[in-house]
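As written in Swiss-Prot, here are the features:
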type: COILED; residues: 86-176; note: coiled coil
type: COMPBIAS; residues: 86-122; note: compositional bias 'Basic and acidic residues'
type: COMPBIAS; residues: 137-177; note: compositional bias 'Basic and acidic residues'
type: COMPBIAS; residues: 187-199; note: compositional bias 'Pro residues'
type: DOMAIN; residues: 2-42; note: domain 'UBA'
type: MOD_RES; residues: Ala2; note: N-acetylalanine
type: MOD_RES; residues: Ser199; note: phosphoserine
type: MOD_RES; residues: Ser200; note: phosphoserine
type: MOD_RES; residues: Thr207; note: phosphothreonine
type: MOD_RES; residues: Thr229; note: phosphothreonine
type: MOD_RES; residues: Ser270; note: phosphoserine
type: REGION; residues: 43-297; note: region 'Interaction with BRCA1'
Amino acid sequence: MAELTALESLIEMGFPKGRAEKALALTGNQGIEAAMDWLMEHEDDPDVDEPLATPLGHVLGREPTPSEQGGPKGPGSAVGEGKPVLTEEERQEQTKRMLELVAQKQREREEREEREALERERQRRRQGQELTAARQRLQEDEMRRAAEERRREKAEELEARQRVREKIERDKAERAKKYGGNVGSQPSPPATEPGPVPSSPSREPPTKREYDQCRIQVRLPDGTSLTQTFRAREQLAAVRLYVELHRGEELGGAQDPVQLLSGFPRRAFSEADMERPLQELGLVPSAVLIVAKKCPG
């Protein structure tokens, strides 16, 4: 039974002649299987159907003859010898084998593409998990820092309250030592000795109240105002930062620094004042500040 040539087999399987010839030529006429591999790998190439430039006298897809290969001529290689013709049954059988080979190659290609897709999906999920873990670590770090800041502020408040209580106790002890006995107790005049009622001793001025917070109202150049509560120990720079973050666009944007003024008594706060606590600047328990553009220099 005579076999179909590789080119005829590819055409029989439905491949265009030009594409089949190109596949055989580019694979060095190594057989139908190599040509089929090339066709499947390059079927989506935009230039797959473009003709291939070949040397003069060479026919794409034609298997080289023994004379072209330089080998000896066999008894059946006479010029003009007719090629055996396949019967219809033989042709169908050979076509069936070729189609099975095509189907096998297609299955192998689909399996390879499926494996590659699965690997890409695993890679995508792995990257997503790593990104989620990184975000979670960042969030945990931020929460931990916030908790530490709250604990620090609470400790500072407790220390400040303790200092206030200790000062009150010292003041009480000093008054008791000065006037004798308990604070507020006054010696009663003798009942048996009539006479003018002794004048009560002069009272100590009331202890100045300690404030932990202060309410600041900031008036902006456009007539609007901002109101915020700050801790008495916070620096004036905290008020300026609050204004720069919450003011509108009328001052030229957040890149332009501002200057804080007090209305009465009239005072312009300097950079050195920004480092001083609000309590020390006399802004406790409440104050009104005016915002102006900071002059350059």
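The chain as shown is numbered from 1 upward.
Note: Cβ is positioned from N, Cα and C throughout, glycine not excepted.
Within 10 Å of the C-beta of Thr229 (phosphothreonine) there are 10 other C-beta atoms, taking all protein chains into account. Listed in sequence order, the same-chain residues six or more apart from Ser270 (phosphoserine) with CB atoms under 8 A from its CB number zero; the list is none.
On the 0 to 100 pLDDT scale, the model's mean across the domain 'UBA' (2-42) is 82. When the domain 'UBA' (2-42) is classified with DSSP, helix, strand and coil residues number 27 helix, 0 strand, 14 coil.
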